Each structure stands twice: as C-alpha cells, then as structure tokens.
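S.K.: I'd like to ask some things about the structure below.
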Amino acid sequence: MTAVPQPTAALLDGTALARELTARTAESAAELRRRTGTAPCLATVLVGADPASVTYVRMKQNSCAKAGIESRHVALPAEISTAGLVDAVTALSEDPAVHGILLQHPVGAHIDERAAFEAIAPGKDVDGVTTASFAAMSFGLPGFVSCTPGGIMRLLDAYDVELSGRHAVVVGRSPILGKPAGMLLLARDATVTYCHSRTADLRAHLREADLVVAAVGRPRFIRGEDLKPGVVVVDAGYNEGNVGDVDFDSAAARASLITPVPGGVGPMTIAVLLEQTVEAAWRQLVS
Ligand SMILES: Nc1nc2c(c(=O)[nH]1)N[C@@H](CN(C=O)c1ccc(C(=O)N[C@@H](CCC(=O)O)C(=O)O)cc1)CN2
C-alpha cells in the first residue's frame, strides 16, 4: 500500500489577514473622507479581455467598493499601441481626481509594458511597478511596494516567521513578483537565492531552503520531496483553475507553515493594493 503524505504544516491564512488589513484601510479611507470630503480613487486599466485579468480587475474593484475607495475603470482594446497605452496612463497620472493607478499585467505582447508602467506617476504607483518604486524599495526608502511581495512580507510577519539569517529561495524573477520579493527578504537579512528557468539543479537549491517563495507560473511545480522538513512555503502562483505553483498536499506534509491557494497570497495582494491607494490619497490630499 502506498503511504499517503499527512499534512504537518499550519496555514498562513491570507484571507483572514487580508480581511483585518482591509478593515483598517476602510477606517482610514472613511477618516480621509471626513477630513477632506474626498474619497480615495483607484484607476484600473485593462488592455483586452483576458478572462483571468478581467476577473482580477473585477475583484479589485469590488474590494475597493467594500473599503470606501472609488474606482474608475479604463478598458482599452487589445490592439492598442504602446503610445496609445502610455497616453492613457499619462492622462490618469495627471488627473488630480485619481490617487492610485493599476495597470493590469499582462498587456499584449506587442506592447512595451515597461514603458506603460513608467507612465505611472511615482506618487500614484500604488501597485509598486515603476523603476522608481523598485529602487526606493531596494534602498529601504519610502514608497510603494509591489503588492504581492508586500503581501507576502505582511503574512510572514503576522505569523512571526524569523527571516534574519535564514536561507530564502525565490523561484522566479519577474519584475513585479520574484525580483521584489527577494529584495524585501534581503532587506530583512535573509540570505536570498534566486532560481529561474536557467538555474542548474533547482531542486538541490530547494532542499537547502528554510523559506521557499514559489513564483514560477507552473502549476504544482514544487513538490514535497523537493523540500527540507520544517520549511516555510509561500505559494505565489496563480495558475488557471486556482492552482498554485506548489503541490499543496505533498508540500504540507514537509512544511511547518504553508500558504494555501486560494486563500493565501492572492487576497493579500489586493489588501496591499487598497492600503497603498488610501496612503497615496492621504499624501496627495493632506500634505
Ligand atoms: N498590475 C498587476 N498585475 C498583476 C498582478 C499585480 O499584482 N499587479 N498580480 C497578478 C494577479 N493578481 C492581481 O492582479 C491576482 C491574482 C489572484 C488573486 C486572488 O486573490 N486569488 C484568489 C483566488 C481567485 C478567486 O477567488 O477567483 C486567491 O488566491 O485566494 C488576486 C490578485 C497578475 N497581474
């Protein structure tokens, strides 16, 4: 008979923590409205109609509504040019009624996404996607962090996960997920290894990790047998069908703490976006 792996890990509950954070954000939004007569406003920009992106943008708008944040939606055709998208984002950057801007990733392959992100004014970059935000985060200066990495750090802190001196292995190096996640862990004195598609013997690196951040975009790519007993596993994957990058059952049998998908990193991404939107509005309206 084949032995079925038994879970030993406790859950890093992103749904519960996101609810707490968003309740505080809603109070802050209400206080801003009392003080200034203006509600915070997030502009969401969506290029095309990719079903997953449509869902994520709708989730963000619904969460905004619940927290007392207004949202303005800009829907653009899939065939828009880089210049057209940059113009649309620039108009939002210059609009004083908009406090935060979210350009949903990915945009079409024919578009220079980086140029479009750079059209977001740094003070409105509540999604933490510009080079200015990345640099500020890397130097430990004030600014907005990329939302998923920011949410991961909030989760780790809420569960008192020790980071100093620990070996963190980040699988993935995308500009809004893996790369900033590694920089935030480094700022907390973790020893960070980045793994990616060209890494030789990825599984050997994983076996050395005290903390794994999976941001690779491949369903159930990381399995329990790749992991050291007691490891903390953060699954930042958002693949089709709500499947993460980690094979949950086998990983939970090795880990001490693990994020579920759904209910882990995803809700924290949106909670951080809302928090940063309200913070941006405070800075713009009450300086
Ligand atoms: N400009 C950006 N684009 C994208 C980002 C981003 O942070 N900024 N992240 C991802 C996807 N994403 C947000 O856009 C995202 C993915 C998943 C979730 C989430 O809460 N998922 C739920 C499950 C989904 C469901 O219930 O239907 C969960 O994990 O519990 C939030 C945000 C790509 N693009």
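The backbone N, Cα and C atoms fix where each Cβ goes, glycine too.
Positions annotated as domain 'Tetrahydrofolate dehydrogenase/cyclohydrolase catalytic' by TrEMBL: 12-127. Annotated domain 'Tetrahydrofolate dehydrogenase/cyclohydrolase NAD(P)-binding' per TrEMBL: 146-284, in sequence order. Annotated NADP(+) binding site per TrEMBL: G172, R173, S174, in sequence order.
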S.K.: By Cβ count within 10 Å, point out the most packed of the binding-site residues listed: G172, R173, S174.
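M.R.: Its Cβ has the most other Cβ atoms within 10 Å: G172.
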S.K.: Within 8 Å of the Cβ centre of G172, R173, S174, which other residues of the chain have their Cβ, at the recorded NADP(+) site?
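M.R.: Other same-chain residues near the NADP(+) site: V170, V171, P175, L177, G178, K179, Y194, H196, A215, V216.
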